[in-house]
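See structure below.
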């Protein structure tokens with residue numbers, strides 16, 4: 001008898017065609033969601049830049065007058081002229097008015113406000129997402145580094161505008177008979193032209209290192225504090241546990257606390273930055289002033305002047321000079337206005353940043 005079974009070829013079923021029974025009791029990993037209050041990962045970088053620019057320019061506009069008061073307190077040659085915040089504010093307002101007094105240097109500030117804020121927030125969000133999501137670096141380190149790097153890149157835009165702003169703030173109105181600053185520019189254009197002509201383009205970056213010494217740690221601390229405060233606020237505010245944003249009071253408080261605390265810590269760097277940016281070029285000090293850049297007559301009592309600070313480009317020497325002649329009080333001059341300014345400006349900027357991002361997420365226009 002024939003054994004038919006022996007002649008039937010055995011076909012091996014390919015592995016990928018074999019029927020598989022899906023394993024049971026093995027739950028799938030849920031999709032990871034970004035931490036609330038830490039990342040705006042669902043917003044495009046363009047939206048972050050646009051929202052940052054809007055928040056920055058409005059915050060700077062609202063707080064410019066207080067920034068002028070702070071600059072006068074830090075850079076005035078007469079200590080008693082602007083001895084406290086309220087007295088300084090009222091003195092400038094009465095003597096020089098709003099436009100060229102309290103809002104002196106406003107056009108220079110706006111020149112760099114929007115682009116620098118847009119660059120900062122774009123860099124901050126990009127770096128933060130890379131470090132936390134792609135590289136697995138812890139949140140605190142990521143926030144510090146992202147804030148540091150964002151400010152460094154944006155500094156190439158805002159430092160020249162900061163120099164122009166600071167000098168025009170210190171000067172006040174043209175031919176200012178109420179305050180001696182050593183500067184007398186007709187307007188922003190005249191200031192830029194005169195500075196570059198008499199002191200060179202390099203003068204627009206006077207105090208650059210000092211500005212970085214102030215702003216890099218300020219931004220790093222501000223955003224590290226801000227992200228931590230927002231995390232704490234989300235944990236505390238149970239009503240917003242499933243929301244993308246905090247309630248208005250918490251949005252205001254977290255931004256204000258982060259900016260104010262970082263502002264106090266970095267005040268000595270701000271003082272040195274102001275002194276370096278408002279000094280005249282050590283190699284180009286004229287025996288007789290030029291027509292568009294002259295000290296005007298000062299009708300105030302010249303007593304109680306600050307001790308002159310040595311003209312230098314060195315941050316360390318400037319710190320030593322201020323401390324030697326004025327002590328810790330000198331290094332923390334203007335700390336009151338700076339605290340108020342950084343608190344409110346940070347609160348406004350970050351509130352508008354979050355609100356603008358929320359609206360952009362809801363809209364499909366951009």
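Note that Cβ sites are derived from N, Cα and C of the backbone, with glycine treated the same way.
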Next item on the list: For the region 'Disordered' entry in TrEMBL, name the matching range from 279-303, 304-328, 329-353.
Entry: 279-303
Check: Looking at 19-39, 40-60, which one is region 'Disordered' according to TrEMBL?
Finding: 19-39
